[in-house]
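Student: Pasting a structure below so you can have a look.
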Amino acid sequence: MAKRDYYEILGVSKNATKEEIKKAYRKLSKKYHPDINKEPDAAEKFKEIKEAYEVLSDDQKRAHYDQFGHADPNQGFGGFRSDDFDFGGFSGFSGFDDIFSTFFGGGRRRDPNAPRAGADLQYTMTLTFEEAVFGKETDIEIPREETCNTCHGTGAKPGTKKETCSYCHGTGQISTEQSTPFGRIVNRRTCPYCGGTGQYIKERCTTCGGTGRVKRRKKIHVKIPAGIDDGQQLRVAGQGEPGINGGPPGDLYIVFHVEPHEFFERDGDDIYCEIPLTFAQAALGDEIEVPTLHGKVRLKIPAGTQTGTKFRLKGKGVPNVRGYGYGDQHVIVRVVTPTKLTEKQKQLLREFDQLGGSSMHQGPHGRFFEKVKKAFKGES
């Protein structure tokens, strides 16, 4: 059966002070003392309360528990590295460490106190079609961890400081020596009590609980470039989480989702749209007004324009996000067939068809109809 959390047993938070822990222990130990409480599980609960207090009332045991929980960091084979061992009896074998490097990953032990870069963050932003095309400036709020202002990132209560770990004497490592038929082997492990830092916090900062960090929402002003597209991302340098031990902060990556437009479609820097034409406009030609992202323009439709014909409006597309000019707008015309005709309109169309004579049988469409007719007659 898994052990219960010590903080849960005493009914205190992980940021509880020594006095709060002591007060909770006295109250619970009195309630569940076997001489007072005659319930069957009282003795077991009393034992559990006592064990929790013994750990949480001791600074180093508490630091060890906060890092590893109930697990024993000295168990198992994890953490084995070539640099964990000092092969005293193999001084003549210069390549022995290389062999361990090959099989176990090698590399020197990372200094836990060395500066490390902060984590990168990702934020998803939704833009309208127009905002993506023309760009915008806006403020966003990012939830992130920041350095605690109370302890300035040390994790220690103001007026106190971290103390040297008495288990590893500030080295961050614990060594065990073993004699083998091949010589003396010294096994060096990360100190489980200080986590390899060589220090521990005796009195924790009550604001951050000893972590040196707090969760906050950071307001950031963002300038979105014109021409950003769906799925693209923008890197904002230095706006990720703060670095560790004086390391540089991480970066913020904003990923954009662009809403579709009801009229325009985008493909890269080019814009596509469809414009309806009547029979008369397509047959006789016309000059129409076409909406673009940059305002309305006049487009000349030549006589005899067929449905599906594409016209290009140069430079009327999306500005390139890297500043390489503008894309184009492609206008595709669709000839609309009327569905509700008056008797007069029907009569006029019949007359038009009669007046057209064999004109429909000329050109590519006419040749197609002739081939169909011959096929049904069996002509070759």
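Here the Cβ of each residue, glycine as well, is placed from N, Cα and C on the backbone.
Below are the features listed in Swiss-Prot for this protein:
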{"type": "DOMAIN", "residues": "5-69", "note": "domain 'J'"}
{"type": "ZN_FING", "residues": "135-217", "note": "zinc finger"}
{"type": "REPEAT", "residues": "148-155", "note": "repeat 'CXXCXGXG motif'"}
{"type": "BINDING", "residues": "Cys148, Cys151, Cys205, Cys208", "note": "Zn(2+) 1 binding site"}
{"type": "REPEAT", "residues": "165-172", "note": "repeat 'CXXCXGXG motif'"}
{"type": "BINDING", "residues": "Cys165, Cys168, Cys191, Cys194", "note": "Zn(2+) 2 binding site"}
{"type": "REPEAT", "residues": "191-198", "note": "repeat 'CXXCXGXG motif'"}
{"type": "REPEAT", "residues": "205-212", "note": "repeat 'CXXCXGXG motif'"}
Student: For the recorded Zn(2+) 1 site, enumerate neighbouring residues of the same chain (Cβ within 8 Å of the Cβ centroid of Cys148, Cys151, Cys205, Cys208, site residues themselves excluded), in sequence order.
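Tutor: Result: Asn149, Thr150, His152, Gly153, Thr154, Gly155, Ala156, Arg204, Thr206, Thr207, Gly209, Gly210, Thr211, Gly212, Arg213, Val214.
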Student: Whole-number answer please: how many Å between the C-alpha atoms of Cys165 (Zn(2+) 2 binding site) and Cys205 (Zn(2+) 1 binding site)?
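Tutor: Between the Cα atoms of Cys165 (Zn(2+) 2 binding site) and Cys205 (Zn(2+) 1 binding site), the distance comes to 18 Å.
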Student: Report the member of Cys148, Cys191, Cys194 (the binding-site residues) whose C-beta atom has the most other C-beta atoms within 10 angstroms.
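Tutor: Sorting the candidates by Cβ neighbours within 10 Å, the top entry is Cys194.
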Student: What's the CA-CA gap between Cys168 (Zn(2+) 2 binding site) and Cys205 (Zn(2+) 1 binding site) in angstrom, rounded?
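Tutor: About 24 Å separates the two Cα atoms.
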Student: Under 8 angstroms, Cβ to Cβ: which one of 165-172, 191-198, 205-212 has the largest number of such pairs with the repeat 'CXXCXGXG motif' (148-155)?
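Tutor: Ranking 165-172, 191-198, 205-212 by Cβ pairs under 8 Å to the repeat 'CXXCXGXG motif' (148-155) puts 205-212 first.
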Student: Restricting to the repeat 'CXXCXGXG motif' (205-212), report the mean pLDDT as a whole number.
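Tutor: Across the residues of the repeat 'CXXCXGXG motif' (205-212) the model's pLDDT averages 87 on the 0 to 100 scale.
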Student: Using DSSP, break the repeat 'CXXCXGXG motif' (148-155) down into helix, strand and coil residues and give each count.
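Tutor: Summed over the repeat 'CXXCXGXG motif' (148-155), the classes give 0 helix, 0 strand, 8 coil.
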